[in-house]
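What follows is a single structure, written as structure tokens, with notes after it.
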Amino acid sequence: MATLRLHSLTATSEKIPTSPFVPSSRVLSASFHCNEKRVSRRMTINAMGGGAKYKGTQMREKQLSEMIEKKVTEAKQVCEGDETSDECRVAWDEVEEVSQAKANLRLRLEVEKKDPLESFCLENPETEECKVYDD
Amino acid sequence: MAVCPVYTTQSLNSTCSISTPSKTHFSSHHNHLVFYRTSKRTSKRGGSSSCVITCSAGDSQTVVIGLAADSGCGKSTFMRRLTSVFGGAAEPPKGGNPDSNTLISDMTTVICLDDYHSLDRTGRKEKGVTALDPRANDFDLMYEQVKALKSGIAVDKPIYNHVSGLLDPPELIKPPKILVIEGLHPMFDERVRDLLDFSIYLDISNEVKFAWKIQRDMAERGHSLESIKASIEARKPDFDAFIDPQKQYADAVIEVLPTQLIPDDNEGKVLRVRLIMKEGVEHFSPVYLFDEGSTISWIPCGRKLTCSYPGIKFSYGPDTYFGHEVSVLEMDGQFDRLDELIYVESHLSNLSTKFYGEVTQQMLKHADFPGSNNGTGLFQTIVGLKIRDLYEQITASKTAAPLQATKA
């Protein structure tokens, strides 16, 4: 498991962006500098290795990523006609909603290091969702 | 002499709403209710009708805190810092819906106001309203349930599932000692506002919001700078119309702005954070620097303390905010080292800490949380301590008042 986390109070050199959505993580800032977006994503996922433990959570992450992509495309289409229309605003609001949901999940996994399905899977270990995800 | 935490029959009627047989959760309410006659004590007091019945649900009335923020729920590092001040970690309800937005710890329960959406994602699309629009939210239900929880009655609260965009079956919420309602509209409805013992508004400036959302979303396949910008722009009209006006009602506003220490900085890494505290709020005494009510500008870095670029700058002073008297404490810059934090803490007053260094200790406990090296983390921690102080004052006054009544 990648332990590239900085304790910001003890670090002296690198200034890490202090967004409330993104934990102080060297990996995430490294991903901005990679030319290959795919490579950077893989780097990010590997670093998150300590995160998604259950298959259900991994599926949720994937689902949310796909939703973001889909809804951004939808929003762009809807807004082509009229940027100030209700439909356009609602479409971008949906993008925000799923982006935030994805970020929350990521934050939960990386900062709290707890899979949201933890207590559910303790009670229902035999379900599909609760298969342990091998990194 | 007898320390008897009982209520007069008068207060009993107001805190324990027993005359509500229509409430579906009468049974859970019942569990919290203990009626007994303290006959021994009453006879000593000459059989006065005052010391008769106690109601444990009304014993520690739930303190309700409102937090307005446009960053979804359950994420909140603010919430985590707050619950940590009270001890214990806040976790989603065990064994329930894994997509629940609720967080529960020993003392606190955090409810996400998105759960009171009256329209799910499809419904909002049909009606052409965003989640920011009041028309997408059921304020009647919000008011009823917050009121019930405040009076010690458990509720079946709906769950809004942010992944599916649907309203899931409700979950049971038991009245906690401290209830935090977090979301877009905690102070929108006047009735809900009146139930709040303390309210906070997290005011992020546009530039900082943009920088944070870039950091949040750029790693996502679907996003680009344009899409992030477009999303913020599209939500802005509703945000300005419905969410922003709530800040005038807040007891404390945490304003996050770009730094003034670095000219033309647009990266949003170094932040200028202002803690705007309303004067005259019951059980809340604003934090101050050096001399309460005066105007101070302070750069702690110098001979005693060495800081790296861009350093730290504090200011404090009285001001008015939407017609209210306020005190504003401001921090611009970043903490690099532990000793900077201790040094700063030792110069602030009215922190409501229980021991010297408590702020520093809390910050260190969550050093990996975002904002731990700047004003956001510092002021969130301080507000957490203030809320603890407020809670203790309220519960102390709740037990003190009846004693005085019985003495009379």
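Glycine is treated like the rest: Cβ placed from N, Cα and C.
With DSSP states grouped into helix (H, G, I), strand (E, B) and coil, the domain 'CP12' (A:64-135) comes out at 54 helix, 1 strand, 17 coil. As annotated by TrEMBL, domain 'CP12' applies to A:64-135.
Annotation comment: TrEMBL describes A:C79-A:C88 (among others) as disulfide bond. Of all Cβ atoms in the shown protein chains, 21 besides its own fall within 10 Å of the Cβ of A:C88 (disulfide bond).
Neighbour list (A:C130 (disulfide bond), Cβ cut-off 8 Å, at least 6 residues apart, same chain): A:Y54, A:K55, A:G56, A:L117, A:F120, A:C121, A:N124. Here TrEMBL flags A:C121-A:C130 (among others) as disulfide bond.
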Confidence summary for the domain 'CP12' (A:64-135), mean pLDDT rounded: 86
Disulfide-bonded residues considered: A:C79, A:C121; fewest surrounding Cβ atoms within 10 Å belongs to A:C79
